[in-house]
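Novice: Quick paste of what Swiss-Prot says about this protein:
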- 17-243: domain 'Radical SAM core' (DOMAIN)
- ARG26, ARG76, THR107, LYS168, ARG270, LEU271, ARG272: GTP binding site (BINDING)
- CYS33, CYS37, CYS40: [4Fe-4S] cluster 1 binding site (BINDING)
- TYR39, GLY80, SER131, MET202: S-adenosyl-L-methionine binding site (BINDING)
- CYS265, CYS268, CYS282: [4Fe-4S] cluster 2 binding site (BINDING)
Amino acid sequence: MQSIPIKNVGESRLVDPFQRQYYYLRLSITDQCNFRCTYCLPDGYQPEANKPSFLTLKEITHLAQAFAEMGTEKIRLTGGEPTLRKDFISIAESIANIEGIRQLAVTTNGYRMAKDVADWKKVGITSINVSVDSLDPKMFHQITGINKFDDVMRGIDRAFEAGYNKVKVNSVLMKNLNDKEFEQFLVWVKDRPIQMRFIELMQTGEMDSFFDRYHLSGQVLADKLLKNGWILQHKSHTDGPAKVFTHSDYAGEIGLIMPYEKNFCASCNRLRVSAKGKLHLCLFGEEGIELRDLLQSHEQQAILQARIFAALQGKREHHYLHIGDTGVRNHLASIGG
């Protein structure tokens, strides 16, 4: 069994062969989603027959404890749509109470926010990312397949009322669809503490033609921001991949996630676990390493941690999107994007 390095204060024991430290876990808790976004699940969620069920609350708790002991400080609950789980609040509360977990985030389509966001705050969810691909209700409906724009906007307002001092909003950038709304998004965040994040469309196995038609480099937006006085900010060790820009005249921020940019992977600090218990070292990578068999009792913790550490030693230096290699992923819903 490969030995795991001793954890010093402020360090992670999750270190790969390129000396990148991992503080951040993206944990999918369901593949199911009630939206039909054109870039992700245009035909809606299709359950697979005779496939394993999603991780239980007990298994999720054991997993989160193992990662926390190895230096993980931030866990993000993803899906699918994580809030569709009936035990979502219990999952969040359990993770929030684990020693060492300083940040518990959720990525959501916002469908339940207006109703439930105050409870999310109470149980320890520290930050929220909500998907809003357009500020035009008709375009929102066209992209998501769901006529819920007003509900999502109301949910963002409720998040501020519940005590969140910032909300992150994700928008997948698509040429000739929502890229025309960039100025409108800037106006929207002028007086609102929203970090508006534009995510470059990423190529996956099922979406080659869609990618060719709608991909637009985030550098186009970066150039506009820099030209107009926006300033690129430094990252903390638990931040995600977004390049964040601020402007003295704006309450909000702009984030750009550009996976095709040179050296995008150099600062990688996050691992992923699927809703059925497989560890994924990269969004565009391998089939996954099975962890579920070691999530049944606390006595398995040391073996579980050794398996995670050993798997990490096989992490690649970077993805190969630039040469069209998208790995084995047909779409991103199964491991939370």
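Including glycine, each Cβ sits where the backbone N, Cα and C put it.
Note that the structure is a prediction, hence the values are computed from the model and not measured.
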Novice: Going by Cα-Cα distance, which of the binding-site residues (ARG76, SER131, MET202, CYS268, ARG270) sits nearest to CYS37 ([4Fe-4S] cluster 1 binding site)?
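Specialist: Given the candidates ARG76, SER131, MET202, CYS268, ARG270, the nearest one is SER131.
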Novice: Nearest of the binding-site residues to LYS168 (GTP binding site) by CA-CA distance, picking from CYS33, SER131, CYS268, CYS282?
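Specialist: Sorting the binding-site residues by distance from LYS168 (GTP binding site), the top entry is SER131.
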Novice: Going by Cα-Cα distance, pick out whichever of the binding-site residues TYR39, ARG76, GLY80, SER131 is nearest to CYS265 ([4Fe-4S] cluster 2 binding site).
Specialist: ARG76
Novice: If you measure from the CA of CYS268 ([4Fe-4S] cluster 2 binding site) out to 10 Å, which binding-site residues from the list TYR39, GLY80, THR107, MET202 are inside that radius?
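Specialist: Final answer: none.
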Novice: Taking CYS282 ([4Fe-4S] cluster 2 binding site) as the reference, which of TYR39, CYS40, SER131, ARG270, LEU271, ARG272 (the binding-site residues) have a CA within 10 A of its CA?
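Specialist: Passing the 10 Å Cα cut: ARG270, LEU271, ARG272.
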Novice: Report, as a single number, how many Cβ atoms besides its own are within 10 Å of the Cβ of CYS268 ([4Fe-4S] cluster 2 binding site).
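Specialist: Cβ-Cβ neighbours of CYS268 ([4Fe-4S] cluster 2 binding site) within 10 Å number 22.
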Novice: How far is it from CYS33 ([4Fe-4S] cluster 1 binding site) to ARG272 (GTP binding site), counting Cα to Cα, in Å?
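Specialist: A Cα-Cα distance of 18 Å.
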Novice: State the count of C-beta atoms found within 10 angstroms of the C-beta of THR107 (GTP binding site), not counting that atom itself.
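Specialist: So the number of other Cβ atoms within 10 Å of THR107 (GTP binding site) is 22.
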Novice: When you measure from the Cβ of CYS265 ([4Fe-4S] cluster 2 binding site), how many other Cβ atoms are you left with inside 10 Å?
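Specialist: Result for CYS265 ([4Fe-4S] cluster 2 binding site): 18 neighbouring Cβ atoms inside 10 Å.
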Novice: Tally every other Cβ atom lying within 10 Å of the Cβ atom of LEU271 (GTP binding site).
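Specialist: If we count other Cβ atoms within 10 Å of LEU271 (GTP binding site), we arrive at 23.
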Novice: With an 8 Å cut-off on Cβ-Cβ distance and a minimum sequence separation of at least 6, pull the same-chain contacts of TYR39 (S-adenosyl-L-methionine binding site), or say none.
Specialist: ILE143, VAL172, MET174, LEU201, MET207, PHE210, TYR214
Novice: Do you know the mean pLDDT across the domain 'Radical SAM core' (17-243)?
Specialist: 95
Novice: What count of other C-beta atoms do you get within 10 angstroms of the C-beta of MET202 (S-adenosyl-L-methionine binding site), across all chains shown?
Specialist: 21
